[in-house]
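**Student:** Feature list, courtesy of Swiss-Prot:
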type	residues	note
BINDING	HIS41, ASP108, GLU119, ILE120	Mn(2+) 1 binding site
BINDING	GLU80, ASP108	Mn(2+) 2 binding site
MOTIF	124-139	motif 'Nuclear localization signal 1 (NLS1)'
MOTIF	184-247	motif 'Nuclear localization signal 2 (NLS2)'
Amino acid sequence: MEDFVRQCFNPMIVELAEKAMKEYGEDPKIETNKFAAICTHLEVCFMYSDFHFIDERGESIIVESGDPNALLKHRFEIIEGRDRTMAWTVVNSICNTTGVEKPKFLPDLYDYKENRFIEIGVTRREVHIYYLEKANKIKSEKTHIHIFSFTGEEMATKADYTLDEESRARIKTRLFTIRQEMASRGLWDSFRQSERGEETVEERFEITGTMRRLADQSLPPNFSSLENFRAYVDGFEPNGCIEGKLSQMSKEVNAKIEPFLKTTPRPLRLPDGPPCSQRSKFLLMDALKLSIEDPSHEGEGIPLYDAIKCMKTFFGWKEPNIIKPHERGINPNYLLAWKQVLAELQDIENEEKIPKTKNMKKTSQLKWALGENMAPEKVDFEDCKDVSDLKQYDSDEPETRSLASWIQSEFNKACELTDSSWIELDEIGEDIAPIEHIASIRRNYFTAEVSHCRATEYIMKGVDINTALLNASCAAMDDFQLIPMISKCRTKEGRRKTNLYGFIIKGRSHLRNDTDVVNFVSMEFSLTDPRLEPHKWEKYCVLEIGDMLLRTAIGQVSRPMFLYVRTNGTSKIKMKWGMEMRRCLLQSLQQIESMIEAESSVKEKDMTKEFFENKSETWPIGESPKGVEEGSIGKVCRTLLAKSVFNSLYASPQLEGFSAESRKLLLIVQALRDNLEPGTFDLGGLYEAIEECLINDPWVLLNASWFNSFLTHALK
């Protein structure tokens with residue numbers, strides 16, 4: 001039956017049916033008759049609505065293949081097949097705009113011509129029996145019922161069949177075809193008998209032969225046969241006392257459930273050690289841009305041309321010198337690498353025609369910085385499998401680091417507004433269905449709140465840098481290619497602007513596997529003096545390369561300009577995710593949407609406008625040592641976005657582990673706040689699992705300290 005369903009129905013319908021069954025915890029592979037019934041019902045709903053439109057005069061017309069540009073509105077809104085939240089949003093929206101009474105159960109369609117909801121039924125039994133069951137269930141005069149059967153009969157409220165003869169004939173023919181196809185495969189009888197009122201029955205299949213022997217062997221201890229295990233499972237009352245249940249299951253388990261009280265949880269222990277250091281792939285709050293407005297030079301849009309143009313806007317270059325060496329590196333090599341970049345950029349300008357890409361000379365300083373010839377030689381396993389003491393290198397445990405204040409400052413900065421817009425508002429066509437309309441209104445409000453946010457700049461910077469690096473890694477595998485770090489934005493006045501943050505030089509990049517590493521050296525401009533927080537810049541060698549005149553309230557001041565240089569590495573899979581950082585916008589938009597949905601369901605109307613336009617209302621943003629921080633809806637949007645962006649910029653196994661394990665503790669604490677009297681066993685084990693992820697990662701340590709603030713305030 002399952003194969004038949006997948007062959008017989010459109011893949012979109014099959015996918016919707018699977019989703020619907022999963023939502024109710026049912027398995028399409030087991031309850032195959034139900035699977036077929038849901039697909040059939042979905043298809044009938046779609047056929048009911050197909051080709052029916054309302055024209056400019058408000059008349060109902062049928063268009064099978066006409067002028068696609070005609071201003072037509074679909075006559076029916078399809079509610080069936082959407083997930084529950086979205087379906088109710090559509091229903092609420094229709095009720096608000098048309099004044100129709102809100103149904104108690106989710107209907108299948110809404111008819112804009114007759115202004116009524118429609119409940120569609122497809123039955124394998126007598127139509128009038130099924131009609132009465134439906135009518136009894138929904139108990140509403142307002143919802144119109146229309147029942148079809150597989151034998152070509154139909155029945156509708158007050159014998160009003162809504163559609164024309166021909167449209168209904170199409171549906172009946174399709175149902176008849178499905179029945180014949182099932183019959184020819186010997187599936188029809190089981191399908192016909194499985195309908196029981198509004199429910200279907202599951203068949204219980206017998207297990208025989210090898211499978212039966214395997215089942216008997218794999219029973220839990222103390223069960224003699226599959227039958228008595230089944231009987232035990234069927235009689236298992238899930239909401240009894242947990243200790244009793246555990247001891248029933250196995251003699252070995254003696255879990256003592258401890259009540260979880262306000263005094264139970266302790267704060268997470270954050271590690272000691274030197275302060276943690278910056279580990280992002282590019283500078284964040286400390287980055288400095290050399291920019292050109294309204295770029296119109298020859299070759300505009302070609303990164304190398306843009307970079308040279310940006311470099312020419314700055315006149316304060318001076319002889320570079322090292323002001324913060326890298327602890328373990330050969331610092332003169334970093335200095336030589338920057339001098340080489342300047343020299344080779346100068347060479348380009350002296351050429352007749354500027355090339356589109358620039359491959360650096362393979363000098364000793366670049367070979368050193370890019371780890372050329374440093375990888376240990378690979379030996380075939382066949383050649384060394386007889387070595388008696390073959391073992392993996394002992395690797396040192398990572399040194400623990402303590403939380404430093406810079407990471408909170410980085411996060412605060414990411415939530416702030418810049419004076420440029422980093423994403424364009426999508427130009428969206430006219431919406432036809434109410435749900436599209438709500439979605440695009442929400443998207444526009446959200447975009448307005450975050451388009452100028454610094455986190456959005458990081459997204460676009462990350463997308464551009466990763467795209468350029470992945471392209472170069474594939475196109476110029478053996479070359480040390482010079483890759484400008486560029487982003488684009490618009491000023492307040494709407495003028496285009498191109499920004500240069502610095503340069504990357506990539507090493508050899510024969511990336512066969514997703515996790516193969518390409519080394520690169522990054523050189524980034526900054527006005528931040530590294531001596532103020534030297535621990536943050538442990539992995540960098542910092543040069544002073546110029547003086548920049550800045551306009552301030554007291555007139556022009558000259559500031560030293562620095563270059564932050566470090567060796568770094570990334571992989572195909574990391575670059576692929578970096579290129580997809582725009583997903584962070586979607587993730588935070590969905591979080592905001594769920595807040596709006598919650599408000600809307602309380603008020604029983606769509607609250608989008610009020611949500612974004614009521615400037616006086618404040619919303620909880622997060623926990624700090626001072627208590628629950630609150631802010632405007634725009635601040636909430638930007639904070640959620642910044643969290644999502646930092647999860648991407650600082651992605652790591654430590655973060656994965658911390659998020660998964662701390663969530664368990666969070667749920668227990670929330671249960672306590674909701675007076676659900678939670679109980680736990682092995683709480684110490686959970687703390688251990690959380691704390692083993694707190695090693696040295698700045699973003700994880702910051703999240704752990706936020707978690708501690710949350711614990712303090714949640715348990716007051």
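Counting starts with 1 at the first residue shown.
Glycine too: its Cβ is placed from the backbone N, Cα and C atoms.
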**Student:** Which residues does GLU80 (Mn(2+) 2 binding site) neighbour through Cβ under 8 Å, counting only same-chain ones at least six apart?
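**Tutor:** Result: HIS41, LEU42, CYS45, ALA87, LEU106, ASP108, LEU109, ILE120.
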**Student:** What is the pLDDT of the motif 'Nuclear localization signal 2 (NLS2)' (184-247) when averaged and given as a whole number?
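**Tutor:** The average pLDDT of the model in the motif 'Nuclear localization signal 2 (NLS2)' (184-247) works out to 71.
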**Student:** Measuring CB to CB from GLU119 (Mn(2+) 1 binding site), give everything in the same chain under 8 Å that is also at least six residues away in sequence.
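**Tutor:** PHE105, PRO107, ASP108, LYS134, ILE138, THR143, HIS144, ILE145, HIS146 - these are the non-local Cβ neighbours of GLU119 (Mn(2+) 1 binding site), listed in sequence order.
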**Student:** Quick one: of HIS41, ASP108, ILE120, which of the binding-site residues has the smallest count of other CB atoms within 10 A?
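**Tutor:** Result for the binding-site residues HIS41, ASP108, ILE120: minimum number of other Cβ atoms within 10 Å at HIS41.
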**Student:** Determine, for the Mn(2+) 1 site, the additional residues of the same chain whose CB lies within 8 Å of the mean position of the CB atoms of HIS41, ASP108, GLU119, ILE120; present them in sequence order.
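**Tutor:** So the additional residues around the site are VAL44, CYS45, GLU80, PRO107, LEU109, ILE118, GLY121, VAL122, HIS146.
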